[in-house]
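Feature list (source: TrEMBL):
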ACT_SITE  Cys379  active site, nucleophile
BINDING   Cys256, Ala257, Ala258, Pro259, Gly260, Gly261, Lys262, Asp280, Asp307, Asp326  S-adenosyl-L-methionine binding site
DOMAIN    167-443  domain 'SAM-dependent MTase RsmB/NOP-type'
Amino acid sequence: MNVRELALDTLLAIEQKGAYSHLQLNDAIRKGRLDGRDAALLTEIVYGTVQRRDTLDYYLAPFLRKARRLELWVRVLLRLTLYQMVYLDRVPDRAAIFEAVEIAKRRGHRGIASLVNGVLRTIGREGLPSLDAIIDSEKRLAVATSHPEWLVRRWIKQYGLEETARMCETNLRPPPSTARVNRLRATVEEALDRLRAEGMEAVPGLVAPDAVRAAKGNLAHTETFRSGWLTIQDESSMLVARALDPSPGERVLDCCAAPGGKTTHIAERMDGRGEVVAVDVHEHKVKLIEQQAQRLGLGCITALALDSRRLGERFAPESFDRILVDAPCTGFGVIRRKPEIKYTKGKDDVAALIEVQQAILRAAAPLLKKGGTLVYSTCTIEREENEEAIARFLADHPDFSLDDRLAERMPDAVRPHVQAGMLQLLPHYFDSDGFFIARLRKKVQ
Ligand SMILES: C[S@@+](CC[C@H](N)C(=O)[O-])C[C@H]1O[C@@H](n2cnc3c(N)ncnc32)[C@H](O)[C@@H]1O
């Protein structure tokens with residue numbers, strides 16, 4: 001099957017079955033047995049088309065006025081072809097249109113092929129409609145950066161127009177390829193030397209001291225990764241274990257642990273000594289934690305499947321020195337990695353998730369020793385799931401307070417963003433995931 005046809009099927013699965021783009025893409029690359037170049041083109045077309053979906057629909061709309069009920073596959077074919085015409089310089093327009101027409105002939109009939117041909121050639125001739133025709137500036141930003149209008153308006157209320165615009169634009173760019181160095185095995189310098197010896201162009205991270213960044217290529221495909229020197233992780237995410245700051249010999253609970261990125265980081269920072277109990281509600285995901293622990297040679301991790309809203313049934317009160325709640329969330333800080341979530345997650349998801357987040361925090365709180373540290377983190381930028389979640393928890397738990405020592409644990413560049421024991425990173429600050437971290441302390445008395 002050719003790359004465009006695979007792209008069409010992948011995009012249809014994302015749209016119709018609500019599949020995650022990265023999982024669907026991995027599947028397509030495996031099934032299509034694509035080589036590096038084709039896999040890269042498929043990835044670019046699929047991610048790009050999902051990322052720019054609403055902008056592409058805006059561009060297509062004037063040319064589709066006369067088309068009666070358009071089947072979804074035809075619309076998706078038009079989107080992915082227009083994506084190549086507008087955003088991929090290396091693909092000549094006529095080649096992209098030719099491929100689209102051939103697919104339309106195979107999947108549909110001559111009428112559809114001629115519609116596809118007509119629409120795309122007319123756009124090629126007449127050019128794209130101007131976004132300036134949208135008078136309302138908030139709506140224009142939503143269409144120009146392909147984010148739902150409700151979300152853009154909501155972010156503007158939270159962060160203002162300028163920050164929102166920068167964030168939306170950053171969300172359109174591919175995320176950097178980063179990994180955390182396993183400090184039990186190597187230093188950052190040693191890992192960089194080994195990566196370079198393997199032919200990877202890698203440099204130190206921008207913010208997290210344990211991070212490496214690859215200019216090109218996939219760090220997970222290196223021998224350095226396979227031999228347990230690296231864990232694929234975003235730089236914002238690497239700040240969480242630093243905020244928790246565990247010591248060797250302690251007992252630590254990670255309440256929402258799969259696939260184990262932060263669990264293994266915590267264990268590394270404990271020099272592999274003590275115990276990290278890693279809990280996740282999904283049995284199949286618990287296996288991923290075990291695999292990571294094994295790959296990294298970390299024997300101090302105990303992984304188990306459990307709904308963390310019921311932690312009290314399993315663990316004794318005050319039995320942990322430190323607790324991490326890396327809560328399930330809307331994930332609006334990682335739109336670059338999972339672009340489809342900007343269309344699929346809605347206000348109802350926020351409302352449902354904040355109840356789960358509070359229930360997990362409520363269940364975890366009694367298990368922490370007096371004087372112990374609890375870190376709450378999310379990969380979202382929604383205040384309701386972040387600052388407001390902490391305010392709500394603190395109102396119900398007077399034995400906890402925000403711990404302003406968070407700032408001391410953060411790298412210099414991040415410190416100005418810490419306020420009263422809380423940190424909100426937006427994706428454009430350091431070209432890393434949007435992330436929230438709060439550090440709380442359980443009072444001794
Ligand atoms: C943000 S992800 C965790 C990422 C992980 N900490 C890491 O760094 O690799 C949230 C996790 O919470 C889990 N989860 C959702 N609801 C849960 C619950 N009620 N109890 C325990 N885990 C839950 C999900 O399965 C998901 O793996």
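Glycine too: its Cβ is placed from the backbone N, Cα and C atoms.
The shown structure was predicted, so the numbers you read here are calculated from the model rather than taken from an experiment.
Ala258 (S-adenosyl-L-methionine binding site) and Cys379 (active site, nucleophile) have their C-alpha atoms 14 Å apart, to the nearest angstrom. When the alpha carbons of Gly260 (S-adenosyl-L-methionine binding site) and the residue listed as 'active site, nucleophile' are compared, the span between them is 15 angstrom. Between the CA atoms of Asp307 (S-adenosyl-L-methionine binding site) and Cys379 (active site, nucleophile) there is a gap of 20 Å, rounded to the nearest whole number. The CA atom of Lys262 (S-adenosyl-L-methionine binding site) is located 13 Å away from the CA atom of Cys379 (active site, nucleophile). Lys262 (S-adenosyl-L-methionine binding site) carries a helical DSSP state (H, G or I). The residue listed as 'active site, nucleophile' and Cys256 (S-adenosyl-L-methionine binding site) have their C-alpha atoms 13 Å apart, to the nearest angstrom. Of all Cα pairs drawn from Cys256, Ala257, Ala258, Pro259, Gly260, Gly261, Lys262, Asp280, Asp307, Asp326, which the record names as binding S-adenosyl-L-methionine, the longest spans 19 Å. Looking only at the domain 'SAM-dependent MTase RsmB/NOP-type' (167-443), the predicted model's pLDDT averages out at 96. The DSSP secondary structure for Cys379 (active site, nucleophile) is coil. With all protein chains in the displayed structure included, the most crowded Cβ environment within 10 Å among the binding-site residues Cys256, Gly260, Lys262 is that of Gly260.
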